[in-house]
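**Q** Quick one: the structure is below, and I'll ask about it shortly.
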């Protein structure tokens, strides 16, 4: 759409700008963890959405690379608080079995964004060259204002917790609390428990799923920043590339919904992540090793790559439903966001200017990283099984009974021995 030419981007400038966004997401994950633990969750979400929208709209004023990097950093700072807030809000209203479809509802925004983004990009590419603002600047301005409007809506209408929900009666609030007791994770707390943060830092399961998310997210740059670039390397025009991105979004949405259905009724979170990883490796291999003359095979690979990012929401939900204690759960959600950012930092950096137009080293990196993600998903499964077996033996030896009244005692999953991990 002319962004690179108008901002005089050269070499790896575009990749570096993409990485700058996620470096900011990573750096601001810790401050956002503190804010989400001390301030109302919905209000934090609203402020971050509003700030993100304003930064997006300000892209319309860009004239150079320095300005682009500055706005990408500011956008990343605001974006870093959004996924953790959504995870915390989603886990307040639903049991661990019900959470996966709810996580899927907002995570399908990635696929919807690909579809709408492709159509919007295609439409704005037809703007007259004599327009006051170039097509890409107008697009950023419109999308930024819409995002800011959503932030204002959230500020006034989304409650910070079920107990603050005006759309629930007192009887319904009590019923909801009884309903989600089975989670044994609590709902909300303004106190910071340093011991819970230390426990999270020493928890192998947290680090395992952080690694899983980072590995899966290493290909998100392909899905977001580089889909159009890869399509044009196949020989398509920019307008054709915009439209050919639509099936990628559809694949993502279908996979996210299917994964949430599997988890809702069968619970195989580890299998979803491992299976999606196998498909992702196959897709990356197709893109890496097929010749450019095989357009059908290359397109199939590009579309199938979207099978794996859809599983990331299941990895998010896997850790949140297996983490108890508000401070520890807030740390876990911030860690997941940081891991997502690390993966997205790695992804664009593998797309080097000297490797254009095929970017084979980047595609080969996906094959390797996603292969490792399959192994990590299986290892996490075995760790949780071992922990459950250990607790079952302790319960049998001590005659322990499951105590649901511990649900709101503020205990972590390590402290509450009646807690069982979900696979």
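Each Cβ is built from the backbone N, Cα and C atoms, and glycine gets one as well.
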**Q** Between 242-263, 396-417, I'd like to know which one TrEMBL lists as transmembrane segment.
**A** 242-263
**Q** With pairs closer than 6 in sequence left out, are the transmembrane segment (103-124) and the transmembrane segment (136-158) joined by 3 or more CB pairs under 8 Å?
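**A** Counting Cβ pairs under 8 Å, at least 3, so yes.
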**Q** When only pairs 6 or more apart in sequence are counted, do the transmembrane segment (363-384) and the transmembrane segment (103-124) reach 3 or more Cβ pairs under 8 Å?
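**A** No, since the transmembrane segment (363-384) and the transmembrane segment (103-124) share fewer than 3 Cβ pairs closer than 8 Å, they do not count as touching.
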**Q** Sort out the residues at least 6 away from either end of the transmembrane segment (298-319), same chain, that have Cβ-Cβ distances under 8 Å to it, and list them.
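**A** Residues 83, 87, 99-100, 103-104, 107, 110-111, 114, 205-206, 209, 212-213, 216-217, 219-220, 222-223, 227, 230-231, 234, 244, 247-249, 251-253, 255-256, 259-260, 263, 269-270, 272-273, 276-277, 279-280, 282-287, 290, 292, 332-333, 336, 340, 366, 370, 373, 380, 422.
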**Q** Please work out which recorded stretch in 20-37, 44-62, 68-91, 270-292, 331-351 has the most C-beta pairs separated by under 8 angstroms from the transmembrane segment (103-124)?
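**A** Maximum Cβ contact count belongs to 68-91.
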**Q** Any chance the transmembrane segment (331-351) and the transmembrane segment (20-37) are in contact, meaning at least three CB pairs closer than 8 A with a sequence separation of 6+?
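**A** Yes, the transmembrane segment (331-351) and the transmembrane segment (20-37) are in contact.
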